[in-house]
C-alpha cells in the first residue's frame with residue numbers, strides 16, 4: 001500500500017533541547033524515502049520513529065549549518081553498516097562540498113553502498129522520476145541555502161457517468177487510458193485532469209522570491225518559523241522567518257497543510273507559534289511540529 005507522509009525527527013533550531021532534537025524530516029513517498037536536513041542525533045531519532053536506513057533513497061540538505069547537517073556522518077555510516085541494497089542520492093549546496101566530504105568521511109568505516117553526490121548549484125530540477133520531479137530554489141540566509149519542492153505529474157481521473165454515456169466498460173476503460181482514444185471518443189471526453197500532489201520544504205531563510213515559489217499551491221508545506229512575530233527584526237537579521245511570516249506565505253500560496261518547525265530555544269510555549277499563524281490569516285490545516293510527529297500528505301481533491 002502506498003504511503004505519503006512526513007515523519008518529523010527533530011524540530012529544534014540552533015541547539016537541541018530536552019524535548020526537541022536537532023532537525024530531521026523524512027518524507028515517505030510511496031516506496032521511496034527522502035531524508036531532509038539530518039541534524040545531530042538523527043540516527044537515534046530514526047530508531048525511535050521506526051525508520052530504517054533501508055527506507056532512505058535520497059538525502060537533501062538545505063545548507064551546512066550544524067543543526068541541518070551534523071547527523072550526516074552517522075546516517076551515512078548506518079546506511080553502509082546495514083548494507084542498504086540500493087543506491088542513495090545526496091543533494092546539497094555545491095558551495096558546501098568540503099563540508100559534505102568532511103561529514104561523509106568523518107571517521108573510518110567500510111563503504112558498502114553507492115552514494116551518488118548531486119550537488120545543487122542553481123535553481124531548477126534535480127531529479128525527474130515517474131513518481132515526481134524534485135526541484136531546488138535558492139533561499140536567503142547567511143550561508144548558501146536551497147529549499148526543495150517535489151511535484152507529482154498530473155494524472156487523469158476517469159468519470160464513470162461519461163464512460164457509461166459512451167458505452168465504455170470493462171477492458172475498454174484501460175484501452176482508452178492507454179491509447180488516448182477509442183472508437184472516436186477522446187480520453188478528454190471521459191476524464192478530467194487529476195492534479196499531482198506537491199510538497200515543499202523551506203528551511204533557514206528570510207522572506208524572498210524562492211520561499212514563495214516553493215510554497216505555491218503546495219499540498220504540504222514544511223517551513224521554518226524560528227521566531228515569534230515580536231522578534232521579526234531579529235529574525236531578519238539572522239536570516240529566518242517568524243510564525244506570522246511563514247503563515248502569510250502559506251495563506252497567499254494556497255497551501256493546504258502548513259507544518260511549522262525549527263523553533264528557537266528562547267520560547268517555552270510552542271503553541272504560541274500556532275496562535276500567531278492563525279492570527280496572520282492562515283485557515284488551512286496547521287501542525288506545530290513536535291518530534292516524532294507524523295503528518296499525512298493531504299488526499300487529492
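Placed from the backbone N, Cα and C atoms, the Cβ positions cover glycine too.
As recorded in Swiss-Prot, the features of this protein are as follows:
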ACT_SITE  67  active site, proton acceptor
BINDING   63, 65, 141, 204  Zn(2+) 1 binding site
BINDING   67, 68, 204, 262  Zn(2+) 2 binding site
Assigned conformation of residue 68 (Zn(2+) 2 binding site) - DSSP reduced to three states: helix
Other residues, Cβ within 8 Å of 63, 65, 141, 204 Cβ centroid (Zn(2+) 1 site): 62, 64, 68, 139, 142, 143, 145, 203, 205, 239
Residue pair residue 63 (Zn(2+) 1 binding site), residue 262 (Zn(2+) 2 binding site) - Cα distance, angstrom, rounded: 14
Which listed residue (67, 204) has most other Cβ within 10 Å, given these are recorded positions: 204
8 Å Cβ shell about 67, 68, 204, 262 centroid, Zn(2+) 2 site members excluded: 13, 14, 22, 23, 37, 39, 62, 63, 65, 203, 224, 226
Binding-site residues listed as 63, 68, 141, 262, least Cβ neighbours within 10 Å: 141
Residue 65 (Zn(2+) 1 binding site), number of other Cβ atoms within 10 Å: 23
Three-state secondary structure, which DSSP defines for residue 204 (Zn(2+) 1 binding site): coil
Between residue 262 (Zn(2+) 2 binding site) and residue 204 (Zn(2+) 1 binding site): CA-CA distance (Å): 9
Cα separation, residue 68 (Zn(2+) 2 binding site) to residue 141 (Zn(2+) 1 binding site) (Å, whole number): 13
